[in-house]
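Colleague: Pulled the feature table from Swiss-Prot, pasting it below:
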TOPO_DOM  1-66  topological domain 'Cytoplasmic'
TRANSMEM  67-86  transmembrane segment
TRANSMEM  99-119  transmembrane segment
TOPO_DOM  120-248  topological domain 'Cytoplasmic'
TRANSMEM  249-269  transmembrane segment
TRANSMEM  279-296  transmembrane segment
TOPO_DOM  297-648  topological domain 'Cytoplasmic'
ACT_SITE  Asp334  active site, 4-aspartylphosphate intermediate
BINDING   Asp593, Asp597  Mg(2+) binding site
TRANSMEM  649-670  transmembrane segment
TRANSMEM  676-698  transmembrane segment
TOPO_DOM  699-714  topological domain 'Cytoplasmic'
TRANSMEM  715-735  transmembrane segment
TRANSMEM  757-777  transmembrane segment
TOPO_DOM  778-789  topological domain 'Cytoplasmic'
TRANSMEM  790-810  transmembrane segment
TRANSMEM  819-839  transmembrane segment
TOPO_DOM  840-954  topological domain 'Cytoplasmic'
MOD_RES   Thr886  phosphothreonine
MOD_RES   Ser936  phosphoserine
MOD_RES   Thr953  phosphothreonine
Amino acid sequence: MAGNKDSSWDDIKNEGIDLEKIPIEEVLTQLRCTREGLTSDEGQTRLEIFGPNKLEEKKENKVLKFLGFMWNPLSWVMELAAIMAIALANGGGRPPDWQDFVGITVLLIINSTISFIEENNAGNAAAALMAGLAPKTKVLRDGKWSEQEAAILVPGDIISIKLGDIVPADGRLLDGDPLKIDQSALTGESLPVTKHPGQEVYSGSTCKQGELEAVVIATGVHTFFGKAAHLVDSTNQEGHFQKVLTAIGNFCICSIAIGMLIEIVVMYPIQKRAYRDGIDNLLVLLIGGIPIAMPTVLSVTMAIGSHRLSQQGAITKRMTAIEEMAGMDVLCSDKTGTLTLNKLTVDKSMVEVFVKDLDKDQLLVNAARASRVENQDAIDACIVGMLGDPREAREGITEVHFFPFNPVDKRTAITYIDANGNWHRVSKGAPEQIIELCNLREDASKRAHDIIDKFADRGLRSLAVGRQTVSEKDKNSPGEPWQFLGLLPLFDPPRHDSAETIRRALDLGVNVKMITGDQLAIGKETGRRLGMGTNMYPSSALLGQDKDESIASLPVDELIEKADGFAGVFPEHKYEIVKRLQEMKHICGMTGDGVNDAPALKRADIGIAVADATDAARSASDIVLTEPGLSVIVSAVLTSRAIFQRMKNYTIYAVSITIRIVMGFMLLALIWKFDFSPFMVLIVAILNDGTIMTISKDRVKPSPLPDSWKLKEIFATGVVLGTYLAVMTVVFFWAAESTDFFSAKFGVRSISGNPHELTAAVYLQVSIVSQALIFVTRSRSWSYVERPGFWLISAFFMAQLIATLIAVYANWNFARIRGIGWGWAGVIWLYSIVFYIPLDILKFIIRYSLSGRAWDNVIENKTAFTSKKDYGKGEREAQWAQAQRTLHGLQPAQTSDMFNDKSTYRELSEIADQAKRRAEVARLRERHTLKGHVESVVKQKGLDIEAIQQHYTL
């Protein structure tokens, strides 16, 4: 018998039985299960036979991953230098340059080791957190429904599939209404397909409409998804970040190539230099100029940053989303659950009944009948929770059919049989849908809309209830005319931190737009409470309709840019809003939690799935939040900007050092025919890399405005600073070699005509200023004002202590260096400090010439973080005073032509500034109302407003 069992399971595993085609009852027979599901013991037994319901993960070869860090264009240049050191540097009576070969190899290994360790650690931490977000599913085990990880599913399990779920395994649908299934990830079909009971649904597809049970027929690698995994495999594209990395790398390589070409042309045909001396000079440019640590520093910085984001409750599914979040200047936020608590309550005292023989309690019972008693959403839980006993929702009736909520119909409905055997249908949902369903007369419709507006003015949502008799006693029959029963006021209070979080976002130059499916009046009330402003429009305005007179002349694009939010929004509207903002060169973020948000999440530059989002929303997003509310997003923006700032700081530094090494040593080699030792420039590179690795954990001040890769700024800053440092070295060499300036002024012995001691002096001077440059590029203001992180400053002083000791004491003939003593070391340190000071001024001049905004940092020291508690107080008071004067007609409102030019962040930040101004005006208006005065007194006295509102209505 056991043998037959095993044979049967083998047939199922090997697809010997076509479970997709045979009748559903035969499927249950073959799988030895019933519609009541499996027991836990049977599930465990089958799990051992079929394995977990997940795809086999590709095992990563650690050795190949390690070697992969040595396989990039910058590493190839260093590897070319290593080959040159032993293959070409072999002449002039000297052996191959083995010390340089070994040094280059050690440098490559150090970079790869650090990258491997840090990225591995960050990856493991992120994987552990992602495991907590593993797909879940509703499964029927031991006769009870429970939410379990999808990995435990086995053939024969009964699962529930509802709107927003990603189908966890291949299955056959059981009895019920058809589902709408999106199979685009598997088959490429652009439109959802209708799946009827008995048909198969595939793992990885998304439920777009309906709710139904299914029996699992295949799991893991045996599913359609598993067999066609190559169709949906992640390509791990690096996108814009990789393009930037390539552009900077190419710039550095081209700079080195030009320098080498000039050296070859001048040294050999013109100066007739010895072959080996020329090779050594070329090696100096190759070894010192190539930013070998750049891929390591940037990837490690991003990996560590991703780990930090995950600790803050934002898990990055796509690493490059970090740089996009740093540049985000518009955030389109869902209202319900993100800006509000998504914990609805009904104000029973304000319930409006439209039928004479019905009271408020009976209206609530009818609404509860049109609600789920299991697997409830927020509205269902709110309505059923208003009953004394939740069982009243089904007491005395027999449920025939339940029509679940979907974003298109915006209502639920139940068909039931009462105690007398009569059939009825009750529906609850969006008022407009129910009003249209009931075909209300004009007077009744006007009364309903007046009540809805009254609710909306108080920040309450409206829920309508309708009822009809089904005389045909058939769930598919249209029934008698619908009767409008009444309206229920629902209130979803804002999160306690939403208003402050939105103000923080606006201060950071991120314009928050509310995108809600609720009515316009509710959106405006919520926006006013949250300080977002009330410049909101209905979704019809997106089509050029129903616009205010004040904005009638504005094109739709400008309207979207100027609005604080949109109400009555459908999924296609969200997608259109994001698309239009992107076309206007905005970096757009979008939050969402439902399946209807998935298209907009995928379209947005940064799709953010909020806490408790559906599987479909998580799948479409770039960042998954593990904590509710907007505050985690603002924290993630600041962290992303800090991460991005570290990466940008390093790229400017890398370009500067390349120019500095290439130009400086090329001039020394061609003007004075000075042959610097390749080994010593290798020591400079190793010490530099050791210090620079700590930049991934450096303390930085995030940009006060959205930031992005500005290659023009990076290259311009790098070229100017690098040229200055090169000239600084050339001047130092000239003074030490051709004059007695240092001897006369500081009493040190002359090293003129002593190439080995000159090598030591140049080595120390290059080492000090090359590393000190990072303090200039890492700071937005004066470098000596912004304190670096402990590890960076410690690494700098440790590296320079080693460099100084080498310059003072080293006597290495193979490296052509002889110690110069502490006197010269002190002179070089003083020279370096004096010529370091102009670097900040050069930085400001470059930024000012490129953007005109660098002096803001010099004069105002404007940063995202500050220790001053009253930062921006004067500016806020001025804005408040201006808002008051504008409100009372004492001065005309300021206008801005911000829509004409989007080329700089000054214009982009004006959007956020205008939103702040509108929010201040809205709050000012509120304080001139009785309600506003009461709330102000309550706040000043520290009273509990919620407790007061339970007994009094303002």
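One-based numbering along the chain as shown.
Cβ coordinates are placed from backbone N, Cα and C, and glycine is handled just like the others.
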Colleague: Are there three or more C-beta pairs under 8 angstroms joining the transmembrane segment (249-269) and the transmembrane segment (676-698), sequence spacing 6 or more?
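Modeller: Stretch pair does not touch.
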Colleague: Grab the same-chain neighbours of the transmembrane segment (67-86) for me: Cβ-Cβ under 8 Å, and only residues 6 or more beyond its ends, written as numbers and ranges.
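Modeller: Result: 96-98, 100-101, 104-105, 107-108, 111-112, 115-116, 246, 249-250, 252-253, 256, 279, 282-283, 286-287, 290-292, 294-296, 678.
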Colleague: Near the transmembrane segment (279-296), which residues from the same chain, at least 6 beyond its ends, have a CB less than 8 A from one of its CBs?
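Modeller: Beyond its ends, the transmembrane segment (279-296) has Cβ neighbours at 69, 72, 74-75, 77-78, 80-81, 84-85, 88-89, 91, 97, 100, 104, 107-108, 111-112, 114-115, 245, 248-249, 252-253, 255-256, 259-260, 263-264, 267, 650-651, 654-655, 657-658, 661-662, 665-666, 669, 675-678, 681-682, 684-685, 688-689, 692-693.
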Colleague: Flag the pair the transmembrane segment (819-839) / the transmembrane segment (649-670) as in contact if three or more Cβ pairs fall under 8 Å (sequence separation 6 or more).
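Modeller: No, the transmembrane segment (819-839) does not contact the transmembrane segment (649-670).
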Colleague: For Asp593 (Mg(2+) binding site), which DSSP three-state class applies?
Modeller: coil
Colleague: What stretch, picked from 99-119, 649-670, 757-777, 790-810, has the most CB pairs under 8 A with the transmembrane segment (715-735)?
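Modeller: Per the Cβ under 8 Å count, 649-670.
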Colleague: With the transmembrane segment (757-777) as the reference, find which of 99-119, 249-269, 649-670, 790-810 contributes the most Cβ pairs under 8 Å.
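Modeller: Selected stretch: 790-810, with the most Cβ pairs under 8 Å.
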Colleague: Residues of the same chain, at least six outside the transmembrane segment (649-670), with any C-beta under 8 angstroms of its C-beta?
Modeller: 244, 248, 251-252, 255-256, 258-259, 262-263, 266-267, 271, 281, 284-285, 288-291, 293-294, 297-298, 301, 676, 681, 688, 692, 695, 698, 700, 713-715, 717-719, 721-723, 725-727, 729-730, 733, 762, 766, 770, 773-774, 777-778
Colleague: Taking residues 6+ outside the transmembrane segment (790-810), which of them lie with a CB under 8 Å of any CB in it?
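Modeller: Cβ under 8 Å, 6 or more out: 683-684, 687-688, 690-691, 693-695, 697-699, 760-761, 763-764, 767-768, 771-772, 774-775, 778, 817-822, 824-825, 828-829.
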Colleague: Of all the binding-site residues given, Asp593, Asp597, which has the fewest Cβ neighbours within 10 Å once its own Cβ is left out?
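Modeller: The binding-site residues Asp593, Asp597 were compared, and Asp593 has the fewest Cβ atoms within 10 Å.
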Colleague: Give the number of CB atoms, excluding that of the residue listed as 'active site, 4-aspartylphosphate intermediate' itself, located within 10 Å of its CB.
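Modeller: Around the Cβ of the residue listed as 'active site, 4-aspartylphosphate intermediate', 27 other Cβ atoms lie within 10 Å.
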Colleague: Rounded to the nearest Å, what's the C-alpha distance separating Asp334 (active site, 4-aspartylphosphate intermediate) and Asp593 (Mg(2+) binding site)? Just drop the number here, would you?
Modeller: 8
Colleague: DSSP-wise, what's the residue breakdown of the topological domain 'Cytoplasmic' (778-789) into helix, strand and coil?
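Modeller: Helix, strand, coil within the topological domain 'Cytoplasmic' (778-789): 0 helix, 0 strand, 12 coil.
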Colleague: DSSP secondary structure for the residue listed as 'active site, 4-aspartylphosphate intermediate', reduced to helix/strand/coil, please.
Modeller: strand
